[in-house]
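A.B. asks: Let me give you the structure first, and then I'll get to my questions.
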Amino acid sequence: MPAIPLMIPDLPPAAAVLPYLERIDAAKWYTNFGPLVKEFEAQLLVQLAPGREDIRLVTTSNATVAIEMALQALHLPRGARVLVPGLTFVATGTSVIRAGHEPVMSDVDADSWLLTPAIASRALAATRIDAVLPVATFGCPQDVDQWRAWSEQTGVPVLIDAAGAFGNQPVGPVPVVFSLHATKSLGIGEGGFVVSDDADFIERIRRLSNFGIGANHGEVDEAGTNGKMSEYHAAVGLAALPRWQAKREVRLSLQAGYRLALQQHAPTVMWQDKPEGIPTILVVAMPSGVDAGAIASRLATRGIETRRWYCPPLFEHRAFAGCDAAGPLDVSRDIAGRLLGLPFHLHLQIDDVSTVCSELGAAIDDEQSHHTSPAALDFVSLPAKTAVHRPRRAARRG
Ligand SMILES: *Cc1c(COP(=O)(O)O)cnc(C)c1O
């Protein structure tokens, strides 16, 4: 294991899960919408939409299948064109294809790194779009009220992939999918859920998650899949929820620690412009012209594990080679080349944060001076020097 690992999943210990496992033993009900799944769904709703009787929620086996089922439940025409951001996890795109539709690649906003309603409007003016699947990129929340207004204006349905954004992403006006994968903010191993104010939509997904079998005599009107959450996963979820608030506090203070340390040691990195939230992962962008891959290799030699999340961007995977783009993808490509996920987990000490940031700052300085070509060196030796030359800060490399 590296000296400073990228992530350490934090799931409830066996002792916290045990009482729920004993309830499963007693009830002998293991899956198919059992009592623990129902209780977990109710508690998630309390957490996400307290006092909102109109909001419904259905748990699933994971977020990828949840997106596939939610797309199916939208009843789009076969081969519908679904706008997806170029900068996202592959599952956003694979689920569109597996639902029988075509992903259409969209660029993202340069500051928030999100596919926004304004970008979707430009796409819609340029090409046919039958649905939009915006992503809460790296936990940055999508504006559900804006998307509702956009959807009402255009008649184009919107489904939000907020897989990694539990704790940040508001719910209600448009359907939202969350993941409960071990690496996400509320991890239970494998799991997911969909939230919406449309009760019929949620019931359709619930049926689809059980092969399409409806309440009426097991008859199947529409072919579904097996996308249910088991009682065992709900047991972990019920044990995880009470611990979530405390984890949230730790993550917030770690994030604050990172902000300070980066300002001090690596002031040229860019943050995703987003409201304060609970990051599950912490991603920054290298300054323009600095290749994140080189920085990652250098940090690895120092025992610091990083990851270039969402790289390569969606449209560079062979699985999506034939997909249309709604316009240029320059921002997605640029951010993908520069972004780097830094170590972020509940076992990280504040000293580790300083080490990561000072090593990062030193690596960026080195990379920038390496890339100064001989011609440029001549240039910096001219009087303009002070504006261009960045002194190497050897002291940082200790
Ligand atoms: C993690 C993730 C998924 C997939 O979630 P699973 O529960 O692992 O299927 C989908 N989309 C995004 C944006 C993700 O980050």
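A Cβ is built for glycine as well, from the same backbone N, Cα and C atoms used for every other residue.
According to TrEMBL, the protein has these features:
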ACT_SITE  LYS184  active site, proton acceptor
MOD_RES   LYS184  N6-(pyridoxal phosphate)lysine
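I would like each feature placed in context: is it buried or exposed, what are its neighbours, and how far apart are things?
C.D. replies: A C-beta separation below 8 Å, combined with a sequence spacing of at least six in one chain, links LYS184 (active site, proton acceptor) to ALA163, GLY164, PHE166, PHE178, THR280. Classification of LYS184 (active site, proton acceptor) by DSSP places it in coil, neither helical nor stranded.
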